[in-house]
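Trainee: Annotation comment: Swiss-Prot describes Cys170 as active site, nucleophile. According to Swiss-Prot, the dUMP binding site annotation covers Arg21, Arg150, Arg151, Arg190, Ser191, Gly192, Asp193, Asn201, His231, Ile232, Tyr233, on the basis of sequence analysis. The (6R)-5,10-methylene-5,6,7,8-tetrahydrofolate binding site annotation in Swiss-Prot covers His51, Asp193, Ala286.
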Amino acid sequence: MQQYLDLARYVLEHGKYRPNRTDTAGIGVFGYQMHFDISKHFPLLTTKKVHWKSIVHELLWFIKGDTNIKYLVDNKVNIWNEWPYESFKKSPHFNGESQKEFIERIRQDAKFAQQFGNLGPVYGKQWRDFNGVDQLKKVIAQIKVNPFSRRLIVSSWNPNEVDQMLLPPCHSLYQFYVQDGQLSCQLYQRSGDIFLGIPFNIASYSLLVYLVAKETNLKPGSFVHTIGDAHIYENHLEQIKLQLTRQPKPLPKVVLKSDKSIFDYQFDDIELVDYDHHPTIKGEVAV
């Protein structure tokens, strides 16, 4: 995807040093926007392998309103493990367990998972219960009856609850837009980790468009990605530079294999077709 490579190159060339809350500094810019046509192909990065299983399970987890990592852990999705583990280490119940041991106990012990696996009122909670409002269900209903509304918005940023979240929402607000039978979406992301996070976010919200479009008898249109603080961590610089040496491959397609409600979708109902990619590039997450 050339749009992603252009973003990475722009931040490498124009980014300024940015200290932050983590122990890993980086370079960043403020305010960047990408446009993706998702009507025929699916924007899953090809200059490295992106873990499709994690993207799908995380989105289904959001849609179900879940905020506990047990569902993810049970499905071998490890993208949220660090934050509950860091919280557990500060509790009086911590006895020197490694993160691997902590996650294994989450998998095996439902009571332990209920106590220590929760991230607080993060995305799923806000999408499905923002101070009592089921935003996702409400916006889908509005698309069906008033598709030209300018209020087709879901916010994950709840000032009343943000301090209770182990990680405040990076992708903070999204808006749907209907034109000529197509559904489009714009995401505002307050903070974007270009190497690890942004490829996931592009794919996740594009998949959300596919699911909501099917639910509302529309076709996928476009995805617009607006990033506030777009940054590359210093321990990802070489990985980004490696990606810039790779030629993007043709984009895959996504097939939705079920007519069930978006709220009942399962992993096997979603099929990724013809995903041709360059090899995996590893990088550590900044917690």
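Glycine is treated like the rest: Cβ placed from N, Cα and C.
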Trainee: Rank the binding-site residues His51, Arg151 by the number of other Cβ atoms within 10 Å of each Cβ, and give the residue at the low end.
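Mentor: With the binding-site residues His51, Arg151, fewest surrounding Cβ atoms within 10 Å: Arg151.
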Trainee: Rounded to whole angstrom, what's the largest C-alpha distance between any two of Arg21, Arg150, Arg151, Arg190, Ser191, Gly192, Asp193, Asn201, His231, Ile232, Tyr233, listed as binding dUMP?
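Mentor: About 36 Å separates the two most distant Cα atoms.
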Trainee: These are the binding-site residues: Arg21, His231. Which one scores highest on other Cβ atoms within 10 Å?
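Mentor: The residue with the most neighbouring Cβ atoms within 10 Å is His231.
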Trainee: How many Å separate the Cα atoms of His231 (dUMP binding site) and Cys170 (active site, nucleophile)?
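Mentor: Here the two Cα atoms lie 12 Å apart.
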Trainee: Going by DSSP, is Asp193 (dUMP binding site) sitting in a helix, a strand, or coil?
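Mentor: It is in a strand.
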Trainee: Sorry to bug you, but what's the C-alpha spacing from His51 ((6R)-5,10-methylene-5,6,7,8-tetrahydrofolate binding site) to Asp193 (dUMP binding site), rounded to the closest Å?
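Mentor: Distance between the two Cα atoms comes out at 16 Å.
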Trainee: Does anything in the same chain, at least 6 positions from the residue listed as 'active site, nucleophile', have a Cβ under 8 Å from its Cβ, and if so what?
Mentor: Gln189, Arg190, Ser191, Gly192, Asp193, Gly197, Asn201
